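> Here's the feature list from TrEMBL:
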type: TRANSMEM; residues: B:41-60; note: transmembrane segment
type: DOMAIN; residues: B:90-260; note: domain 'Cytochrome c'
type: BINDING; residues: B:Cys103, B:Cys106, B:His107, B:Met226; note: heme c binding site
type: TRANSMEM; residues: B:270-288; note: transmembrane segment
Amino acid sequence: MFKIPISFIYLPTPININYMWNFGSMLGMFLMIQIISGLFLSMHYCPNINLAFMSISQIMKDINSGWLIRLIHMNGASFYFLLIYIHISRNLFYYSFKLIHVWMIGSMILFLSMATAFLGYVLPWGQMSFWGAMVITNLLSALPYIGQMMVEWIWGGFSINNSTLNRFFSFHFILPFIILMMVFIHLMTLHISGSSNPIHSKSNIYKIIFHQYFSIKDLITIMMIMLIFMLINLQNPYMLSDPDNFKMANPMITPSHIKPEWYFLFAYSILRSIPNKLGGVIMLFMSIFILFLLPLMNNNKMKNIKFYPLNQFLFWMFINIFIMLTWLGGQMIEYPFTNLNNIFTILYFNYFIFSFMLNNLFDSLMKNY
Amino acid sequence: MAASLGRVCKFGLLKSNYGTLFNQQVHNFSTTNQWSKGRKVLLACLGVTAGGISALIYALDQSVKAFDQVAHPPNYKWDFYGMFSSLDHRSLRRGWEVYKNVCSACHSLDFLAFRHLVGVTHTEEEVKAIAAEYQVQDGPDDTGAYYMRPGKLSDPIPGPYPNEEAARAANNGAYPPDLTYIINANHNGENYVFSLLTGYCDPPAGITLREGQYFNPYFVNGALGMPQIIYNEVIEYADGTPATASQVAKDVVEFLMWASNADFDDRKRMTIKVIAFGVISLPLVIYWKRLKWTTVKNTKLLFTPRYKRQ
């Protein structure tokens, strides 16, 4: 019964982990923020195509502090993804995917979080909600034979309609709890071996107790990110969202640029860069699924990218490629962007292959020493 | 393996650290403290250059934005732009007058009720009087009939048309959108709407407008279904402010800004609290962490090989 809290308090933690190891606690924090603010929102939200937009407006204008809860929930998702991306790049940098169970569960959490965020974006029933849902659900129709059937099954009708909104709401409510459970498994598997550390020596060599040392250290970054988060919520809350979502969904009017929230733009670029629909869907799926393959592909001897200078270079290139893809996802489909899109999509996937090959190359060079 | 690694890295990683024993030891757990100063400076310069170039490219991309043929509104100096600046409530009050006397002929404010105005633009008594000027349908009464009655605080503000079809029929097929969220529903909303209202001009050669269309360079394809409605002295303000066209447009935009962001002033007020909280507690937590960690950070583990001990 007390095992779980005790394992958090007395957890032996490598002494030399740096601030990059703080993002997990921030993510846990934001998951809880999303769950709690979401619970309050669900008390006033109406999952009905005629009322959804109105009920959000009511939450913003009439419910006590409703605007605050709603803005927190809205921007919380963005922050969650910002942090999860940094968390994942940390793992790429320090080869943390060597903790294979932790990594696999973590990648699944990413998958589920993306699904949850997508479902949640549909709920306010704005223009972008509706058309985003239209684009994404329609992707399934690319599947051979069963595609169209699957789409209609998911819609619960022949178009996106009230039952679609209802079921999206149900799934949006339940998925975070599944994520929460997976987060616990993520932690349990992590605590079996304990965290890795930046120089990737055997972590057991020098560990100190978690509580007070690392809980306070985590508190610093939690407070910093919360400050930034609140300042964005209060000063420029719609910075990260699309103005079109302030127009109520209208199936008769297609917005001129349909685009997802910023955290899906990289995947959206990859989707758009493939001229074939099914091919695009597969690449979209692969862009995330490739994470599962990483621990299977890499068998490098040293566990910090700093010992592989070329890989380190490649890693920072990858970060830039990710940013470029994100930027390209928001651009129109025309001359310079489509070409850039193709190039960066190739580069995105190349990273995973080249980093693996460079690892091996460097390892074999080092063997002689 | 470790030794060969050391040789490759020019002993940078594994070099003995006796020298730092009596120097500053706090950073010994960082992997970058072994780097030479030149290398750090070089890397920092590289990072700054790369960041600068990306910032420049981004700025260029943002400043040109020449992909579509539409005039981009200039950024005006709105008085609510400051970090702690609230909306100007006198302006909101005038803005309501503009909406009621001008825009409400065609546009609705579906997501606002009269009660929202209380304490924002008018006092409760005043809003009650305003609401009573409207006729609202209510019912069914005891006999099952629907009847009209004067508006109350709790009523939503009635729009000019019963439905979209009626609105289109009255406006040459163009639909005057609901104005509640119009500011948030456009990029750079307040500047866009202001520019739109004040930016009418003669169409350039080669552009033909259909019946009931008016040229406006800020609208997507230039042909707007809304005539110019804001002129100097288009209304007379109750508080005696000279009603120049730009004043009227500014007031109504500020009012619409509030309609889109009813939480605007609360947000600004809360900013002060958040900053005050952060300024006090963040340094405290940082201090706490350093205090807690000081022993750990200053622990020096010294490994002396046996041959040296003899």
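Each residue, glycine too, has its Cβ placed from N, Cα and C.
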> Under 8 Å Cβ-Cβ to chain A, which of the binding-site residues B:Cys103, B:Cys106, B:His107, B:Met226?
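Of B:Cys103, B:Cys106, B:His107, B:Met226, none lie near chain A.
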> Tell me the Cβ neighbour count for B:Met226 (heme c binding site), meaning other Cβ atoms within 10 Å of its Cβ, over all protein chains shown.
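Taking every protein chain into account, the count is 20.
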> Looking only at the domain 'Cytochrome c' (B:90-260), report the model's average pLDDT.
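Taking every residue of the domain 'Cytochrome c' (B:90-260) together, the mean pLDDT is 93.
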> According to DSSP, collapsed to three classes, what secondary structure does B:Cys103 (heme c binding site) have?
helix
> Specify all same-chain residues, apart from the site residues B:Cys103, B:Cys106, B:His107, B:Met226, whose Cβ lies within 8 angstroms of the center of the Cβ atoms of the heme c site, ordered by sequence.
B:Val102, B:Ser104, B:Ala105, B:Pro176, B:Leu179, B:Ile229
> Under 8 Å Cβ to Cβ from B:Cys103 (heme c binding site), same chain, six or more residues apart: give me those in sequence order, or none if nothing qualifies.
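Listed in sequence order, they are B:Leu179, B:Ile229, B:Val252.
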